[in-house]
Amino acid sequence: MINGSTKIVGLIGHPVEHSFSPPMHNAAFEELGLDYAYVPFNVCPENLKSAILGAKSLNIKGFNVTIPHKINVMKYLDKLDPIAKLIGAVNTIDFKEMKGYNTDGIGCIKAIGEVTSIKDKNIVVAGAGGASRAISFYLARENPQSIHILNRDINKAKSLAEDLKNSKLTDNVDFDSIDKIVGYVSDADILIDTTPVGMSPHVNDEAIVKAEDMHSDLVVNDIVYNPNETVLLSEAIKAGATPVYGIKMLLYQGAESFEIWTGEKAPVDVMEKTLRKTLDL
């Protein structure tokens, strides 16, 4: 029951109607008996500054931040987590310190961590947008053998690769056209697809790599979670490769935000169960 002592956290974006975060977080608060409530707020870009200042005045404890505010919100914060600063985007705010974090990348690392480690692995990242950027900086921190950024717009891939090198987190990064992905996948340990290929409603898109071009030791992560089994993961299963589902990244980035706000260990099993129920899985 919400009362005068309930701590409010939430989501700001535009739009936010279809977010799966509220049920996941509210189930976690209930599981741990925490007097918190998670509420989505639809904030238009022109109202972002007043929303952040108003939230602080209202003693809101934290926000998740989604499109289109992840970059613009940074200018209204007092502090940035070092890796969020490198990524150049924030998806979590802790109002206690007016500090921004980016938990997208750690969500991906933990999802893959269920089946293998990043250390000393050859990794192919498809795409060079915001999600790729967040994930690539976290990958670089885990000491992989190599990171190959492949993108349709090769200049975007080059820019991300250069930023990774300049961060001093890794030297072992290069870039190329996504058209050459088959050659890279043959030597890869992990393939991460950050592109929207196969995302609902375009579930019949052609997979960026076919089963015949994969090998059985490959770990394949698609960050798309709707549908659960994307065209790429379907090909991975056909090839005997290990699939890592997009729902796991959604789960772990949420768990990381939960821990930043509450200081408590997230009940990941309850959060996953709720997420699966919400997604009808």
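Just so you know, glycine gets a Cβ as well, placed from its N, Cα and C.
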Matching residue for the NADP(+) site, where Swiss-Prot names G127, A128, G129, G130, A131, G246 - out of I93, I154, I223: I223
Further shikimate ligand in Swiss-Prot, beside S19, F20, S21, T66, D104, Y225, within candidate set N59, N72, N91: N91
Count of other CB atoms lying within 10 Å of the CB belonging to T66 (shikimate binding site): 18
From binding-site residues S19, F20, G127, G129, G130, the one whose Cα lies nearest K70 (active site, proton acceptor): G130
